[in-house]
Amino acid sequence: MSGSRPSSVSFKASGSQVVDSSNSSQEKNDISTFLPNNGATKSTDRPDPVTGNNKPPASQDPDPDPDPDNTAPNPDPDPDPESQLTRYPSGPAYTVFPLPTRRFIIGMITFAGFISPMTANIYFPVLPAVASDLSISLSKANLTLTTYMIMQAFSPTLYGDFGESAGRRPAFIISFLVYICANLGLALQKDYAALLVLRMLQSFGSSGSLALCYAVVADVAVSAERGKYMGFVQAGINVGPSLSPVIGGVIGQYLGWRAIFWFCLIYTGVWLVPYVLFVPETCRNVVGNGSRVTQKGWWNMTVVDYVRQRRRRGETNEETEEEKEEGKEKARKQRPKLRFPNPFNTLKVVFNPDLGLLISYGTIVYLVFILICATLGTQFADRYGYNQLETGLCYLPYGMGCTVAAVVNGRILDWNYRRIAKKMGMTIDYKRGDDLSKFPIEKARLQPVIPILGVGCVATIGYAWALETSTHVAGPLVLLFVVGLCVTGSFSLVNTLVVDLYPEAPAMAVAATNLVRCLCGAGATAVIDAMLQKMGVGWTFTFWPLVVVVCSPIIWLLMTRGPGWRAKRKARFERERERREEKERIANEEVLEASDESSTTVEKAEEGEKGSVEEGIPVAEGKKGESSRS
């Protein structure tokens, strides 16, 4: 023992390489820094300064070596240093769709968002031609606009609820199939009654897509990137009111007013084919983060995925019938229960204090936008003597401002989100998404609204008085671009916050927003002509921006009180979820008990029959004797 012997301690480095501590003391010291307790181990390779042995003195050795000659093998060597580290499991990714797939989905949804506003506004330039061709008054032709807007208000409440239970794909497909059929009827009809009814059906088919578009963005984009993607979708929606009157004017002038419905049918059909083939289901209530898509029904799968799955099943027949039935039963349990769309579920969203205030304020800002759209054509025609095509071209600066606002403001939202997160010392998780329970999302979304909306209100007043004084047409057109850039951008920011505040059912939240806006918009457009006659265009469009300014303290209230309201709503949702799970558990237990009782009854009956046979008594005779004795 007095001689120096090699130490039995060795460490397994990466790549399963064994390092001898007696020959590589430097490597041993480097590895020991990863061990707990500052690298302390049961033995050491440093020789004792007195004895010269590698073994420490007995007084200092907490575990004396029971085998001093080192004849027995060491069955329990020191563990791998990496095994001493504590590992924490990471949560699942917010979405499993790669970036190219997400971009493809957002691109398709952007083109879908163009359909509904295009359908509403492409009809404006041909109203006189419709009235003349059908031999009706202009007031009756305008009635088709009123019925369209009424259906536009209520349609998203049905599609929003349906999209949360069945999925986005079934809702989109049904919506646009109804829309295509309505356009086919409108292109072929020759009667006013048919025009009135089919315009309502057209609105029912197209308007539901708006709520679904915003919901898809919430499905695939985390909060830190949601503003950018929401901007692209909003750009598609904002292009509709400005570009579609030009399209309608050109088509109506050269091909006739019925040709606009053929245009709508062809556009939607061309969009629907790649959507059905390639765009996956994204609804988080149905497929989670996208990883459960193959466990759902065929209506939630793309045609390409469905064909691939059928082919894989045909190639692999190794599953037994029991395994197949178990897989079907598992998929059936995971699939959410379909329910009939209930519009009252959408109305409940408005009664949340923060969402109610936010939707109300966004509606006031939206009224400025829609009233300018409704009066722009008549104002330029009356003051500058423009025809239908020239009046339609006047919408282009407004539409350009709306489109630029949607894209730029989305990036401003993401920048402000990162700025506040950095100020709070929070690391943004782009993979799994951030927990917004302790993040002031209201402040991140609403802070940019204040300066943008201030500029928009000033530009709106300037536009009104430029028209009032009949200045050169360049003045109102430039101001229209600024109004579209700022006013439209403001309520686009509000739409993003609506989705953030109601992540449980974003389609229903957007549908509630659309319901309030369309109803208020229908009322405002009904009184705008009287206001213009009594007050003039200058004071009319001075009044509405002042209403926006007076209601602006709502922004401060949402930024200060909003997080508390949001926390209470989340706690309420958690309690409701626990009650639902408890009811489902009790129902499942009752079903299992009933199944056990039925199986017990069958077993007893089989045992009785078996006993009668063993005694030599036919089963039928035994039952007959029992009945006669009774």
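Note that Cβ sites are derived from N, Cα and C of the backbone, with glycine treated the same way.
Feature annotations, courtesy of TrEMBL:
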type	residues	note
REGION	1-91	region 'Disordered'
COMPBIAS	1-13	compositional bias 'Polar residues'
COMPBIAS	14-26	compositional bias 'Low complexity'
COMPBIAS	31-42	compositional bias 'Polar residues'
TRANSMEM	104-124	transmembrane segment
TRANSMEM	136-159	transmembrane segment
TRANSMEM	171-188	transmembrane segment
TRANSMEM	200-222	transmembrane segment
TRANSMEM	260-279	transmembrane segment
REGION	312-335	region 'Disordered'
TRANSMEM	355-378	transmembrane segment
TRANSMEM	398-417	transmembrane segment
TRANSMEM	448-466	transmembrane segment
TRANSMEM	478-502	transmembrane segment
TRANSMEM	514-532	transmembrane segment
TRANSMEM	538-559	transmembrane segment
REGION	574-630	region 'Disordered'
COMPBIAS	574-588	compositional bias 'Basic and acidic residues'
COMPBIAS	603-613	compositional bias 'Basic and acidic residues'
COMPBIAS	621-630	compositional bias 'Basic and acidic residues'
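Same-chain residues lying 6+ beyond the ends of the transmembrane segment (171-188) with a Cβ under 8 Å from its Cβ atoms: 112, 115, 119, 159, 162-163, 194-195, 198-199, 201-202, 204-206, 208-209, 212, 258-259, 261-262, 264-265, 268-269, 271-272, 275-276, 299, 507. Of the Cβ pairs linking the transmembrane segment (448-466) with the transmembrane segment (104-124) and spaced 6 or more residues apart, fewer than 3 are under 8 Å, so the two regions do not touch. The recorded stretches the transmembrane segment (514-532) and the transmembrane segment (136-159) share 3+ CB pairs below 8 A when only pairs 6 or more apart in sequence are counted, and are therefore in contact. Using the rule of three or more Cβ pairs under 8 Å, pairs at least 6 apart in sequence, the transmembrane segment (478-502) is in contact with the transmembrane segment (355-378).
At the 8 Å Cβ cutoff, the transmembrane segment (104-124) and the transmembrane segment (260-279) share at least 3 close pairs (sequence separation 6 or more) and count as touching.
For the transmembrane segment (136-159), the list of distant contacts is 116, 120, 123, 127-128, 130, 171, 175, 192, 195-196, 199-200, 202-205, 207-212, 341, 343, 346-347, 507-508, 510-512, 514-515, 518-519, 521-522, 525: same-chain residues at least six beyond its ends, Cβ to Cβ under 8 Å. For the transmembrane segment (260-279), the list of distant contacts is 104-105, 108, 111-112, 115, 118-119, 122-123, 126, 169, 172-173, 176-177, 179-180, 183-184, 186-187, 202, 247-248, 251-252, 302-304: same-chain residues at least six beyond its ends, Cβ to Cβ under 8 Å.
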